[in-house]
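Listed in TrEMBL for this protein:
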type	residues	note
TRANSMEM	27-53	transmembrane segment
TRANSMEM	82-100	transmembrane segment
TRANSMEM	112-131	transmembrane segment
TRANSMEM	152-175	transmembrane segment
TRANSMEM	181-203	transmembrane segment
TRANSMEM	235-254	transmembrane segment
TRANSMEM	274-297	transmembrane segment
TRANSMEM	318-339	transmembrane segment
TRANSMEM	380-400	transmembrane segment
TRANSMEM	412-435	transmembrane segment
Amino acid sequence: MEKMHKATLAEKLGYGLGELPGTMNSILGAVLTMFYTDSAGLAAGMVGTMFFISRLFDGVSDLLAGSLIDRTRTKWGKARPWLLWMSVPTGLALALIFWIPANGSNTMKMIYAFVTYNLFISILYTIVGVAKNALMPLMTQDGPSRGALARYSLIFGLGGTILGISVTFPFLFALGGDMKAWRTIFIVYGIITTVGLLLSFALTKEHVQSVESVAEKEENMTFAESVKNFVQNKYFIFALAMTVFVNFAVQINSGSQTYFYTYVMNDVMLTTSLNMVNLIPTILGIMFLSGISLKFFGKKKSIYIGASGQIIGNILRGIAALTANVPVLAVGTVISALATGPLSVPINTLAADAVDYGEYLTNKRIEGMGSAIVSFSQKISNGLAAGMVGWILALTGYVANEVQNSATVFGISFMFAWLPVILLAFVILSFKFVYKYDEEEPEVLAELARRKEKNGREQ
């Protein structure tokens, strides 16, 4: 039976570095609405609508990128070369978002915002994000290795996001808090993104071949065939749905946090201090608690533990908002951070497992399309979260840089704490009554190994 490759430390680091564009996307989710409304002077409702429309457009580009990657054949593999080819354009496009014409009309500003935002999100980040996520099933079929890859990805993703949000506002104020300060910060972030992608390409390698590839019968699938294989795979559908709900819970909290600290807790610098409080427990949860929970309880129960912990943490944050109680807010933040690993690490391996299950059904691996669908679900949830922040602010009468009315304060608190509780409760119920792959995985991997061994002997 074929021995499964175990990911090396260099490969884990490389895979994690490939998440840096996602880190920048998450930082954008936390700060970009405020940049557009409070610095560029755009209306909150228009900004929310722009985000939502952009994400729908972005979803189509995800599917096209997935099909493109599935049909890529180079000496470097299928997904990995795209990290190299898109590294410089991605960093440049990130910086361009903040060169919005300060003295332009509102129409000119909205057009510039839409074009530059979509250049980064819908085209360049789409390609590198789909390619990076497609790497996991191409690098290894070993379950613990996939868990380790997910942990490193989350360290650079969530850990990098928390650190980035924590330092963005202090740097912004230190540089003067104006449009030039925003531009300077995101030029630096663009350079970091480019270097991260180049290192990710250099450190990773694709090891996994499909059954058909071993038999030298592999043919490029059409876009329609890839979509058909996806739709027939129940675990791809499940991975899509769970990614939407978990990511939406994370992004609606992240996207509303600056407003929450500024207008509910009345201290914008809590954005920095509480994100720093959040950082170490998040890393501990990802690097240690996730491994312990997966080893002793399995994927499904690990998700129960993580989702329950985040529900408790968000309830405490919601209670803290009622009395502006910073210590209770900090405790809720720590509990939620510790729970991140046991929830997010197994969630981030669902699509890779679905690739194996799909090959078990059809002998074809659709890493690109599978990654694209998950990326699509992440972006749809990001867009909904960003859009909802703008819509609720507009609906409740938000006025930038002023004391907010009670309806706006409630709306911000609901987005920050209570909506994630509802979403995560649904995730627990879904895993309880729908997910069965934990029990099916040993037979799936054993059968795939038998097929590859048979095809190898027949050459």
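Note that Cβ sites are derived from N, Cα and C of the backbone, with glycine treated the same way.
Automated prediction, rather than curation, is the source of TrEMBL annotations.
In this chain, the transmembrane segment (274-297) lies close to the transmembrane segment (318-339): three or more C-beta pairs between them fall below 8 angstroms, excluding pairs fewer than 6 positions apart. With Cβ pairs under 8 Å as the measure, the transmembrane segment (318-339) is packed most heavily against 412-435, out of 112-131, 235-254, 412-435.
Pairs of Cβ atoms less than 8 Å apart link the transmembrane segment (112-131) most often to 27-53, out of 27-53, 181-203, 412-435.
The stretches the transmembrane segment (380-400) and the transmembrane segment (152-175) are not in mutual contact, being linked by fewer than three Cβ pairs under 8 Å (pairs 6 or more apart in sequence). At the 8 Å Cβ cutoff, the transmembrane segment (181-203) and the transmembrane segment (412-435) share fewer than 3 close pairs (sequence separation 6 or more) and do not count as touching. Away from its own ends, the transmembrane segment (82-100) comes close to residues 18, 21, 24, 28, 32, 35, 40, 69, 72, 76, 109, 112-113, 116-117, 119-120, 123-125, 127-128, 130-132, 179, 182-183, 185-187, 189-194, 197-198, 200-201, 204 of its chain (Cβ-Cβ under 8 Å, at least six residues beyond either end). Distant neighbours of the transmembrane segment (412-435): 238, 241-242, 245-246, 248-250, 252-253, 255-257, 259-260, 263-264, 300, 303-304, 307-308, 310-311, 314-315, 317-318, 321, 332, 343, 388-389, 392-393, 404; these residues of the same chain sit at least 6 beyond its ends, with a Cβ under 8 Å from one of its Cβ atoms.
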